[in-house]
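Everything below concerns the one structure shown next.
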Amino acid sequence: MKEVRTLLAFALPYRGRLALGAGLMVAESALALAVPWLGGKLAAVFLQTPTGDGTTPQTLFLAMLAVLAAQALLKYGNIDLLGGTAERLAADLKIRLYDHLQALPLGFFHQRRQGDALALLTHDVYVVSGYLGGAALGVVPLLLTVGGALVCMFRIQGSLALLALILIPLFYLLIKVCGRRMRPLARELQEEHARAIAIAQENLGMLPAIKTFTREEEESERYRNQIEQVVRLSARERRLNAALGPGIQLLAGAAIVLVLWLAQGAIHHGSLAPSQLVSFLLYGQLMTRPIAGLADLYGQTQRARGALGRLAEVLAEEPEPSWDQGKPMPSIRGGIEFRGVTFAYPGRAPALKRLDLRIAPGETIAITGPNGAGKSTIGHLILRLHEPSEGGIFIDGVDITTVSLRSLRGQIGIVPQHVLLFHATVRDNIAYGRPEPTQEEVEAAAKAARAHDFILQLPQGYDTWIGDRGVRLSGGQQQRLALARALLKDPPILILDEATAMFDPEGEREFLKECRELLRRRTVLLITHRPASLELADRVLRLKDGAMAGADEEDGVTVPVA
């Protein structure tokens with residue numbers, strides 16, 4: 001079973017602590033088996049029935065207190081041990097899952113909502129860690145308690161114990177019937193939890209659009225409906241659990257009543273002493289308590305199976321090659337070649353179709369074309385954010401699939417079409433792609449990107465926090481910071497994907513004038529629609545429907561076919 005294998009894989013690093021916890025549970029259960037025996041002894045003393053061993057009430061009371069105290073100490077140690085293990089497991093599992101999600105190719109996230117990944121990290125991880133740190137091990141004392149109680153009951157009165165034994169298949173049948181409905185319900189409930197998290201995450205990130213289009217009421221209603229769906233499914237799950245628990249208790253209570261009815265005959269004929277009946281009933285009560293807990297244990301198991309299935313599904317996804325897998329990429333001079341490259345996003349028509357393209361070292365190439373022509377895809381393929389389905393990409397004659405991602409991406413800079421900034425200071429955002437730059441280097445990059453002047457006007461200058469995704473900056477300011485970050489990296493290959501889209505015409509002209517010499521020292525892919533930016537290019541290539549077009553009619557530029 002896939003879920004069991006996944007569970008064992010998660011539990012393996014903590015086997016020592018989990019084994020110790022199971023041992024403490026076993027010891028606690030063993031002590032629990034002594035309580036009914038001592039209760040029978042006390043009953044015999046109270047009923048003035050000879051015990052045969054000369055024990056006094058004081059001795060029995062002290063023994064009972066010692067057993068209960070030992071049980072309490074064991075329970076305390078177990079709660080502390082398994083609680084700590086569950087917290088450590090949750091932390092480690094979160095880190096493992098986060099690292100795996102970070103290593104997955106971008107195509108994985110194009111097919112899923114970001115909220116799904118967040119639900120895995122916040123909800124499913126805790127379901128699994130809580131189950132491993134408690135409910136899963138609870139099976140051990142349950143079996144020991146039930147088995148030990150049955151043995152003791154058979155030693156007291158075999159015919160009455162047989163009645164208790166017959167009830168166990170009835171318990172199993174009741175659990176089986178409820179379980180058929182509980183497992184798919186648990187999976188559906190977790191999916192709806194994930195959808196609720198995804199809606200909240202998406203809407204909070206889209207608040208400007210929601211407010212602009214006055215859609216607050218509609219989005220609140222959408223989120224409310226999703227939460228109501230979670231509540232409805234939770235109610236169905238609760239009712240199933242509610243039916244299972246009392247059902248088990250009803251069977252157990254009926255068994256006790258039947259035992260009492262049969263026991264009066266045994267006592268009358270002398271085959272069962274009243275004190276033995278007390279022990280028998282206490283053992284029965286001890287046995288039925290964990291069986292009644294099977295309802296909660298079964299519910300937790302189904303929720304854990306659902307969470308394990310979701311986690312296993314994501315962890316089975318093939319990640320990108322490790323950072324250091326492959327030979328190091330030599331120092332790049334900047335020659336780029338696409339040989340018959342075809343690429344399609346999942347579920348979509350090919351973005352590139354057998355593309356052939358050759359760019360010389362130090363050349364600035366402008367790539368234009370209509371939306372959806374595949375312009376940005378070229379930059380993503382060079383960075384190996386995606387892999388082509390056909391053909392190959394070579395830099396300086398080296399197949400980029402044979403070199404490590406670290407050595408390849410470390411020599412390529414990009415200013416993406418959609419600016420990506422962190423909730424950090426201006427300095428931290430600019431310096432993100434280069435370890436420990438000097439303040440002078442950060443400011444030089446900012447000046448080249450025409451960001452220095454507006455940065456100095458911010459409340460704390462370069463130490464100003466810019467908010468989540470740079471929300472405290474204008475769109476143009478965000479783009480200039482992203483450009484400064486790429487320039488600070490000083491890569492031999494620079495990809496500018498609509499990098500001047502947020503500049504006003506004057507700012508764009510000044511930027512192009514200042515950067516002309518800077519860009520000549522590297523290979524530049526200039527993905528743009530703006531005519532002014534085309535002046536920087538040595539060549540202008542036009543893409544249409546994923547292939548090279550013969551001429552750029554819109555820009556009036558003849559396009560050499562590579």
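Easy rule for this one: first residue shown is 1, then count along the chain.
Even glycines carry a Cβ here, placed using N, Cα and C.
For 19-303, the entry in TrEMBL reads domain 'ABC transmembrane type-1'.
TrEMBL lists 56-74 (among others) with the feature transmembrane segment.
For the transmembrane segment (118-144), the residues of the chain that approach it from at least six positions outside its boundaries are 7, 10-11, 14, 18, 21-22, 25-26, 28-30, 82-83, 85-87, 89-90, 93-94, 97-98, 101, 190, 193-194, 197-198, 201, 290-291, 293-294, 296-297, 300-301, 303-304, 306-308, 310-311, 314, judged by C-beta separation under 8 angstroms. The transmembrane segment annotation in TrEMBL covers 118-144 (among others).
TrEMBL lists 156-175 (among others) with the feature transmembrane segment. Residues 146, 150, 244, 247-248, 251-252, 255, 258-259, 262-263, 266, 271-272, 276, 279-280, 283-284, 287, 291, 294-295, 298 of the same chain lie 6 or more positions beyond the ends of the transmembrane segment (156-175) yet place their CB under 8 Å from a CB of it.
Annotation comment: TrEMBL describes 242-263 (among others) as transmembrane segment. Same-chain residues lying 6 or more positions outside the transmembrane segment (242-263) and placing a CB less than 8 Å from one of its CB atoms are 157, 159-160, 163-164, 167, 170-171, 174-175, 178, 272, 277, 280-281, 284-285, 288, 291-292, 294-296, 298-299.
Under the heading domain 'ABC transporter', TrEMBL lists 336-561.
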